[in-house]
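Undergrad: Sharing a structure here in structure tokens format.
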Amino acid sequence: MRAVFIQGAEEHPAAFCYQVNGSCPRTVHTLGIQLVIYLACAAGMLIIVLGNVFVAFAVSYFKALHTPTNFLLLSLALADMFLGLLVLPLSTIRSVESCWFFGDFLCRLHTYLDTLFCLTSIFHLCFISIDRHCAICDPLLYPSKFTVRVALRYILAGWGVPAAYTSLFLYTDVVETRLSQWLEEMPCVGSCQLLLNKFWGWLNFPLFFVPCLIMISLYVKIFVVATRQAQQITTLSKSLAGAAKHERKAAKTLGIAVGIYLLCWLPFTIDTMVDSLLHFITPPLVFDIFIWFAYFNSACNPIIYVFSYQWFRKALKLTLSQKVFSPQTRTVDLYQE
């Protein structure tokens with residue numbers, strides 16, 4: 001992901017980030033506007049953190065939810081939760097103040113965590129699509145093919161590959177020594193802008209779009225197979241019909257999650273690629289909106305689960321009613337109608 005950052009003032013630069021030569025201009029908002037933005041961002045962070053904390057708790061606590069698919073959902077929820085806890089607070093200050101006040105070390109760390117958690121979410125959604133494809137298109141072999149051990153391998157890859165990739169570009173001199181012709185110097189003092197160059201923008205394009213293409217192609221096949229299964233469901237036994245219905249509903253729910261992900265991330269991803277060709281002419285305010293639209297995706301998954309998964313609503317009800325503290329609650333069958 002391109003490291004973002006308000007480089008200058010959008011309308012009336014009333015001040016500078018620092019009282020030094022080469023400082024970035026700063027847009028000073030009225031107190032009312034600042035308060036509204038801070039409250040909106042705080043509400044978004046609260047939804048992201050609390051929603052994903054509950055998903056992680058439910059899957060961890062209730063034994064009925066200890067399935068390969070749900071372990072992937074748990075890992076996805078942790079990535080979104082950490083984004084809300086560790087990245088968005090500083091992103092909020094950067095967006096409101098239009099400057100970065102936390103130094104080079106935190107700038108690099110913030111960019112690392114931002115990129116890590118976002119790429120981890122993308123990889124997990126791709127792996128969940130593979131899981132659903134296997135469950136719908138090859139249901140007889142699915143229990144033996146997609147085991148908990150396989151899910152744990154996917155989780156390890158979903159965290160390990162983004163961590164290694166991001167570390168390579170942010171904490172080594174590989175880019176600077178071998179691709180120095182692509183790099184541009186920091187435009188001004190007070191921006192958190194790392195590796196802002198054409199190579200960085202184009203390299204991130206396939207990292208976002210290849211998983212997207214995989215997810216779309218898998219869900220197209222899932223839709224075709226699920227439609228055919230729905231037409232044949234009357235010939236199945238009651239137990240097999242119920243299992244097939246459950247798998248199709250899970251695939252539909254996760255398909256909605258993938259669709260919302262695409263809507264949230266497409267503006268930012270396309271702009272990152274196109275903007276690198278046009279010498280980064282996107283206004284800072286517009287680019288910041290694209291970034292927050294992408295962040296919004298982390299709040300969507302728990303909301304989708306509330307409206308789509310009966311087990312999620314049951315787990316939420318048990319938790320809020322404090323029945324979760326009963327020893328028998330952990331073994332409740334949340335999938336029972």
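Positions of Cβ are set from backbone N, Cα and C atoms, glycine also.
Pasting the feature list from Swiss-Prot:
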- 1-34: topological domain 'Extracellular' (TOPO_DOM)
- Asn21: N-linked glycosylation site (CARBOHYD)
- Cys24-Cys188: disulfide bond (DISULFID)
- 35-55: transmembrane segment (TRANSMEM)
- 56-70: topological domain 'Cytoplasmic' (TOPO_DOM)
- 71-91: transmembrane segment (TRANSMEM)
- 92-109: topological domain 'Extracellular' (TOPO_DOM)
- Cys99-Cys192: disulfide bond (DISULFID)
- 110-130: transmembrane segment (TRANSMEM)
- 131-154: topological domain 'Cytoplasmic' (TOPO_DOM)
- 155-175: transmembrane segment (TRANSMEM)
- 176-204: topological domain 'Extracellular' (TOPO_DOM)
- 176-189: region 'Extracellular Loop 2 (ECL2)' (REGION)
- 205-225: transmembrane segment (TRANSMEM)
- 226-253: topological domain 'Cytoplasmic' (TOPO_DOM)
- 254-274: transmembrane segment (TRANSMEM)
- 275-284: topological domain 'Extracellular' (TOPO_DOM)
- 285-307: transmembrane segment (TRANSMEM)
- 308-337: topological domain 'Cytoplasmic' (TOPO_DOM)
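Quick one: where do these features end up spatially?
TA: Sequence-distant contacts of Asn21 (N-linked glycosylation site), defined by Cβ-Cβ distance under 8 angstroms and a gap of at least six in the same chain, do not exist. Look at Asn21 (N-linked glycosylation site): DSSP puts it in coil.
In this structure, Cys188 (disulfide bond) belongs to neither helix nor strand by DSSP; it is coil.
Using a Cβ-Cβ cut-off under 8 Å and counting only residues 6 or more beyond its ends in the same chain, the transmembrane segment (35-55) has close neighbours at 29, 73-74, 77-78, 80-81, 83-85, 88-89, 91-92, 95-96, 292, 295-296, 298-299, 301-303, 305, 312, 315-316, 319.
Each residue in the topological domain 'Cytoplasmic' (56-70) gets a DSSP state, and the totals come to 12 helix, 0 strand, 3 coil.
Sequence-distant contacts of the transmembrane segment (71-91) (same chain, six or more residues past either end, CB-CB distance under 8 Å): 41, 44-45, 48-49, 52-53, 55-56, 59-60, 102, 106, 110, 113-114, 117-118, 120-121, 124-125, 127-128, 131, 148, 151-152, 154-155, 158-159, 291-292, 295, 298-299, 301-302.
Helix, strand and coil residue tallies for the topological domain 'Extracellular' (92-109), in that order: 13 helix, 0 strand, 5 coil [DSSP].
A sphere of 10 angstroms centred on the C-beta of Cys192 (disulfide bond) encloses 25 other C-beta atoms.
The residues of the topological domain 'Cytoplasmic' (131-154), classed with DSSP into helix (H, G, I), strand (E, B) and coil, number 18 helix, 0 strand, 6 coil.
Predicted-model confidence for the topological domain 'Cytoplasmic' (226-253) is 61, expressed as mean pLDDT.
Note on the transmembrane segment (254-274): residues 1-2, 121-122, 125, 128-129, 132, 201-202, 204-205, 208-209, 212, 215-216, 219, 222-223, 282, 287, 290-291, 293-294, 296-297, 300-301, 304, 308 of its chain, located 6 or more positions outside it, place their CB under 8 angstroms from a CB of the stretch.
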Undergrad: I'd like to know which of these disulfide-bonded residues, Cys24, Cys99, Cys188, is least surrounded, judged by other CB atoms within 10 A.
TA: Cys188
Undergrad: May I ask which of the stretches 110-130, 155-175, 205-225 has the most CB pairs under 8 A with the transmembrane segment (285-307)?
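TA: Selected stretch: 110-130, with the most Cβ pairs under 8 Å.
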Undergrad: Let me spell it out: take the topological domain 'Cytoplasmic' (56-70), skip the flanking residues so only those 6+ beyond its ends count, and list any with a Cβ under 8 Å from a Cβ in it.
TA: 77-78, 81, 128, 131-132, 135, 146-148, 150-151, 250, 311-312, 315-316, 319, 324, 329-335
Undergrad: DSSP says what for the topological domain 'Cytoplasmic' (308-337): how many helix, strand, coil residues?
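TA: Secondary-structure composition of the topological domain 'Cytoplasmic' (308-337): 20 helix, 0 strand, 10 coil.
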Undergrad: Using Cα coordinates, what distance in whole Å links Cys99 (disulfide bond) and Cys24 (disulfide bond)?
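TA: Between the Cα atoms of Cys99 (disulfide bond) and Cys24 (disulfide bond), the distance comes to 7 Å.
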